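If you look up Swiss-Prot, you'll see 11-31, 49-69, 84-104, 109-129, 169-189, 196-216, 228-248 marked as transmembrane segment, on the strength of sequence analysis.
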Amino acid sequence: MNPIAFHVGNLAIRWYGVIISMGTALGLLLAMYNCKIREASYDEFINMFLIAFPSAIIGARLYYVIFEFEDYRDNLINIFNTRQGGLAIHGGIIFGVLAVYIYLKYRKESFFEYVDVAAPSIILGQAIGRWGNFFNSEAHGGPVTKEFISKFPQFIQNGMFIEGTYYHPTFLYESIWNFIICIFLVYLLKKTKKKGIVFMAYIGLYSLGRFFIEGLRTDSLYLGSIRVAQLISVLGIILSIFFIYNIIKKEKRY
């Protein structure tokens, strides 16, 4: 699989960056639609995005580097090279949400109103972004038989044939799951006015899918013998259930 999309002079533009940019652009278009559903300010959303996006990129990189520091110890300058991947979504979510919380608190705007609107866009970006992993030949699962992989389209078979072995296209599993979540979240955004429900549903549903898919991957980040993504996913599921229960319980009081 060729990771290079095209060249600008001597500069190679990788598919990874092109796909991340595409996911971001489509996420912003979806947010415009979702802001109308909730009657939220799209201008305020863009201001929030301009703070959240770089914060998320920094967080995603730092999170990855912390757990893979041995790969960078002897060449620290490579920490700043993200063109070949090395972004951990959990770090991006944590840093991005924290930046948004601080910004909206400063602006005296409702945190949950805007993260509810953002949730479908975030998961859409993740669904599209996983295809960047495909072109980088990363984030795949363990070895599979030719008979198993033959059930997938030919281009998936070709991309998952790495150094003489076929691998689970886990990027595809997560991408499909994320697209399903995106559709559900847009539906939920239309159906409920309870602030926080949509965002916490995003956290819970993404965590649920990621927990199972992570078990198939061969490139997981570890904390001792524990897959970090699975640990964070369990915490995400618990957190979402706790918040959704309390949001609904609070609404019933009034």
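Heads up, the Cβ atoms here are built off N, Cα and C, so glycines get one too.
Since we're looking at a predicted model, the values are computed, not measured.
In this chain, the transmembrane segment (11-31) lies apart from the transmembrane segment (196-216): fewer than three C-beta pairs between them fall below 8 angstroms, excluding pairs fewer than 6 positions apart. Sequence-distant contacts of the transmembrane segment (109-129), counting only residues of its own chain at least 6 positions beyond either end whose CB sits under 8 Å from a CB of the stretch, comprise 19-20, 22-24, 26-28, 30-31, 34-35, 37-38, 40, 44-45, 48-49, 52, 89, 93, 97, 100-101, 174-176, 178-179, 181-182, 185-186, 189, 195-199, 201-202, 206. Remote same-chain partners of the transmembrane segment (49-69), defined as residues 6 or more beyond its termini with a Cβ less than 8 Å from a stretch Cβ, comprise 24, 28, 31, 79, 82, 86-100, 103, 118, 221-223, 228.
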